[in-house]
Structure formats: structure tokens, C-alpha cells
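Asker: As annotated in Swiss-Prot:
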BINDING   49-56, 112-121  ATP binding site
DOMAIN    21-250  domain 'Sigma-54 factor interaction'
Amino acid sequence: MQLLTLPPSPTLATSIRATAQVFEDPRSQALLAHLQQVAPSEASVLIIGETGTGKELVARHIHNLSGRRNGPFVAVNCGAFSESLVEAELFGHEKGAFTGALAAKAGWFEEANGGTLFLDEIGDLPLPIQVKLLRVLQEREVVRLGSRKSIPINVRVLAATNVQLEKAINAGHFREDLYYRLNVVTLQLHPLRDRPGDILPLARHFIRSYSDRLGYGPVELSAKAQAKLVEYSWPGNIRELENVIHHSLLTCGDGTVQAQDLRLSNLRIERQEEEPAGNGVEDLLQRAFSRLYEEQSGDLYEKVENALLRSAYRFCHYNQVHTAQLLGLSRNITRTRLIAIGELVVNKRRGQEQQVLDNRVVRLSI
């Protein structure tokens, strides 16, 4: 049985979602064959899969099968840093580059030099950082924050996402050119519910692992427990399976895990399907407008305009650039309208001339 596990030291795994991966199911075996074909190359790889499907484990396996196996493997969760810190974390910074930068520090690209950099949750990167990442991938060099000196790097980039980047591109949240740069090779990791042949081998691995930790003797799965595991949909994938097995070992009493020992969640995650063809969105808007018309409010246009802007601003996590792109407006117009509706506070140090200029900007038109 082909089994992948994370390194023993948790400090070596900075983006833990699943701690083990097997390739017993036919779908997993096909993935493994594809993985073994592309791993020796230097091509960028985009790994797509739900949370808990083992994306980091697959990335590590690619690294171990490549010519960079003796170099560093650095895993970075792009969603773990604020927008103000992610640039310094990825590309490094010089002393005094920002408040608190008391010394120069290499970024993750420099740390991974000669090896592999795994960027998990790549879809969470802010657009300005996506531009800089694209340049790094094209030029093979980084410029630290607060510096003008470029530093050559030799890094293979593997990226992963649990969202559909094509939809993010259409929504203006992800750059199309960066997508094609990262997506030289695509590896699709199927959720656990779609590869039932992996469930019992994984369960037995976790039983052995936790039995050793707990000081237990051999533990078996009853036939009914096995059937229950295979029939469950596993919305949390491998990570959920590991937690269920851990709990079952704490409650089973005779060296056999029974069906009643398996505490399965009642959580049902609604997965977004493709919208059917038609005018569903337009119909919803028409119904909403009809209700507003019935109220016969004299300032309806302004209410709708302000509500649209506020909603878009919050949807974009209060990012002006993303909001402007989503609405198809310039940043100046967006900023001026956000100030007008009280979503932004004007900097008191701005001069009178800038205030006059802002007031001349054309109002948002829906």
C-alpha cells in the first residue's frame, strides 16, 4: 500500500490539513500514476481539492520524487497572513521597511531556494500580491520589501486551492495570467466520498497510529463499523476520518471498534453547483426592485446605489481595489463614493485641493 504521511515534527508542516494519504482506490491510483509522471519535471503544478484531501501530502511527494528532493520543502498557507504582512512573508524585507522591522529577514522564496515552495490556499492572495508573485515567477528573482536590489532564486512552485479559480477570475478576484503561469500541470484530488477504496486503508492506518500513541494492543474494525465508514459522505475528508478514529479508540472497550463507537457528524455541507442557464439573477433583482417600488420612496436611486456599494465593499473584505474591479469602476470613483456614504474616513491631513478634486469625481451610475 502506497502511504504518505507528514514529517514527525509539526514545525516541518506549516499547512496541515490531512496527516496521511493512500492510493488504493482506482481514482487515487490514476492520480499517483499522473503524479509520478510530472514530478521529475520543473513544471509548476496546481493541486485542486477540498480541504482535508491531502494536498500538502501530494505536494511533498512531488518534491520527494523530483530532482530537488535534497533541497528544502517550504509550505506556506497564503490565507494565514494579513494583507499587510503577506508581502514581507513571501518576499522578505529589509531593516526599517516598516514599523517593527528591526532586522532584515529573508522571505519564503529565499528560504526555499534550491528546493520547492508550496503555496496553499493560493486563491486567498490579495490582487496586488498576485502581481508581484507573477513577476517573481517570470523573472526568477525577488525584491525584498524596502529594497531595490533583486535576489536571484531557483525555486519550483507548487500551488493548491480548494476554490474554483476560474470563478474567482470571472469575479475579478484572481489574475488570469497568474492562473496560467501556475497551471502548467493540474492535479485534481477527489474528495474521500468519491474514492471509497481509500477509506478503510486510511482508517486502519489511523488505528495503528493512535493505538501506538495510547499504548493499546491490536484494535480491529467490526464488519458493521467498516460498512458505516464506507457509507458515510465525509464532508471533512481525511482529517475528519482521523478524528473519528481517534475518538472511537477512546470509547471502544474490547479491542474492536463497533459501529456505535463511530461518532459521525450530522453536518451537511451544501456544495455550490453550476447555476442553470436562464435569468435567475435578473429575476431576483426584478422582484427586489418591485418591492422597493411599492414603498414609493423618493430617494430610491440613492438607496440602491449606496446599498450596492456597501455590499460590494464588504464582499471584497473592505478592499478598495477589489471593490472597484468588481463594480467596473475606477479606484478614485470608488473611494470618493465610499467616503460619501461614510464607509471611509477622510484623512484629516489631506489638503483642500484634494478635497475639491474628489468632489468633482462623477457619481457612481448603476
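The first residue you see is number 1, and the count goes up from there.
In case you wondered, yes, glycine gets a Cβ from its N, Cα and C as well.
Not measured: the values here are computed from a predicted model.
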Asker: Highest Cβ count within 10 Å among the binding-site residues Asn113, Thr116: which residue is it?
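Answerer: Going through Asn113, Thr116 one by one, the largest Cβ count within 10 Å is at Thr116.
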Asker: In this predicted model, what is the average pLDDT of the domain 'Sigma-54 factor interaction' (21-250)?
Answerer: 92
Asker: Which of the three DSSP states, helix, strand or coil, fits Asn113 (ATP binding site)?
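Answerer: DSSP call for Asn113 (ATP binding site): coil, neither helix nor strand.
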Asker: Validating a neighbour-count step here. Other CB atoms within 10 A of the CB of Lys55 (ATP binding site): how many?
Answerer: 28
Asker: Where does Leu119 (ATP binding site) sit by DSSP, helix, strand or coil?
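Answerer: Once the DSSP labels are grouped into three classes, Leu119 (ATP binding site) ends up as strand.
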Asker: Ten-angstrom check, please: count other Cβ atoms within 10 Å of the Cβ of Leu119 (ATP binding site), all chains counted.
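Answerer: That number is 24.
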Asker: Where does Lys55 (ATP binding site) sit in DSSP terms: helix, strand, or coil?
Answerer: helix
Asker: Tell me, by DSSP, whether Gly49 (ATP binding site) is helix, strand or coil?
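Answerer: Where Gly49 (ATP binding site) sits, the three-state DSSP reduction gives coil.
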Asker: What is the Cβ neighbour count of Gly52 (ATP binding site) at a 10 Å cut-off, with all protein chains included?
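Answerer: Gly52 (ATP binding site): 21 neighbouring Cβ atoms within 10 Å.
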Asker: Looking only at Cβ atoms, how many others are within 10 Å of the one on Gly49 (ATP binding site)?
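Answerer: Counting Cβ neighbours of Gly49 (ATP binding site) within 10 Å gives 21.
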